[in-house]
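Asker: The structure under discussion is supplied below as structure tokens; questions concerning it will follow.
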Amino acid sequence: AQSVPWGISRVQAPAAHNRGLTGSGVKVAVLDTGISTHPDLNIRGGASFVPGEPSTQDGNGHGTHVAGTIAALNNSIGVLGVAPSAELYAVKVLGADGRGAISSIAQGLEWAGNNGMHVANLSLGSPSPSATLEQAVNSATSRGVLVVAASGNSGASSISYPARYANAMAVGATDQNNNRASFSQYGAGLDIVAPGVNVQSTYPGSTYASLNGTSMATPHVAGAAALVKQKNPSWSNVQIRNHLKNTATSLGSTNLYGSGLVNAEAATR
């Protein structure tokens, strides 16, 4: 049987699905540790930019989990994603150890721009700025990619990079009570929040796992972006980003929550 993870319900994705909005025709690149073949995922393509790891299969688990929150299939098994018909692309920029070079991430963003991706999910970050990475985010954005990135997990009152860059949409994490997760980085530049605690999703070995992190929050927003893009195919990445913020459910302090909790129902009305 298929279960609907709490975060998918909380962002009201099923209401969008009931309107026929499932992310169909929208290309979403997952810049991560790769994505493992899984019965609850449909992976359309991708590329690896990790030296020594030519396969886009996931030797870590992180990328497969992120991918499921975006687009786990609406079938009779496992879990359900925010945009179950979105086209998933596995862009490996982090190795099996979960670490990656700035150059790899920049190449992944370049690939997303070159290959017509509508959304790029970056559930990754660093406390240090990088001109190379900022340029890559700006270039991908100029080519129509909506770059969605995790705020970071140190609990600090500042946002990680690349999420902090103006052209990246920074996503923080909330818990089941719609409170900021204790680990979720916040402050200037935070755009929006989404569920990031006890998030159930796909995992390598045709299994499922529950994980915590702003990495888990980010794909809820990437998935919602795919729903909005299907409904409004002519909209630019900037229009989609602004619409997601304008339709978010306010949770109070913009410092802690940005525009609030992403709301797929309001965003697809």
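Backbone N, Cα and C atoms are what each Cβ position is placed from, and that goes for glycine too.
For reference, Swiss-Prot lists these features for the protein:
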- Gln2, Asp40, Leu73, Asn75, Ile77, Val79: Ca(2+) 1 binding site (BINDING)
- 5-268: domain 'Peptidase S8' (DOMAIN)
- Asp32: active site, charge relay system (ACT_SITE)
- His62: active site, charge relay system (ACT_SITE)
- Ala163, Tyr165, Ala168: Ca(2+) 2 binding site (BINDING)
- Ser215: active site, charge relay system (ACT_SITE)
Asker: What other residues of the same chain, not counting Gln2, Asp40, Leu73, Asn75, Ile77, Val79, have a CB atom within 8 A of the CB centroid of the Ca(2+) 1 site?
Answerer: Pro39, Ala72, Asn74, Ser76, Gly78, Leu80
Asker: With every protein chain in view, what's the tally of Cβ atoms within 10 Å of the Cβ of Ala168 (Ca(2+) 2 binding site), excluding that atom itself?
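Answerer: Taking every protein chain into account, the count is 29.
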Asker: Residues other than Ala163, Tyr165, Ala168 within 8 Å, Cβ to Cβ centroid, of the Ca(2+) 2 site?
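Answerer: Output for this site, in sequence order: Leu122, Val137, Val147, Ala149, Ile159, Tyr161, Pro162, Arg164, Ala166, Asn167, Met169, Ala170, Gly189.
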Asker: If you count the other Cβ atoms within 10 Å of each Cβ, which of the binding-site residues Leu73, Ala163 comes out on top?
Answerer: Ala163
Asker: Which recorded positions are spatial neighbours of Ala163 (Ca(2+) 2 binding site) here, meaning Cα within 10 Å, out of Gln2, Leu73, Asn75, Ile77, Val79, Ser215?
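Answerer: Those close enough: none at all.
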Asker: Find the shortest Cα-Cα separation between Asp40 (Ca(2+) 1 binding site) and the recorded positions Asp32, His62, Tyr165, Ala168, Ser215, and name the residue that gives it.
Answerer: His62
Asker: If you count the C-beta atoms lying within 10 Å of each candidate's C-beta, which of the recorded positions Asp32, Asp40 ends up with the smallest number?
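Answerer: Comparing Cβ neighbours within 10 Å for the recorded positions Asp32, Asp40, Asp40 has the fewest.
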Asker: Do you know the mean pLDDT across the domain 'Peptidase S8' (5-268)?
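Answerer: For the domain 'Peptidase S8' (5-268), the model's average pLDDT rounds to 99.
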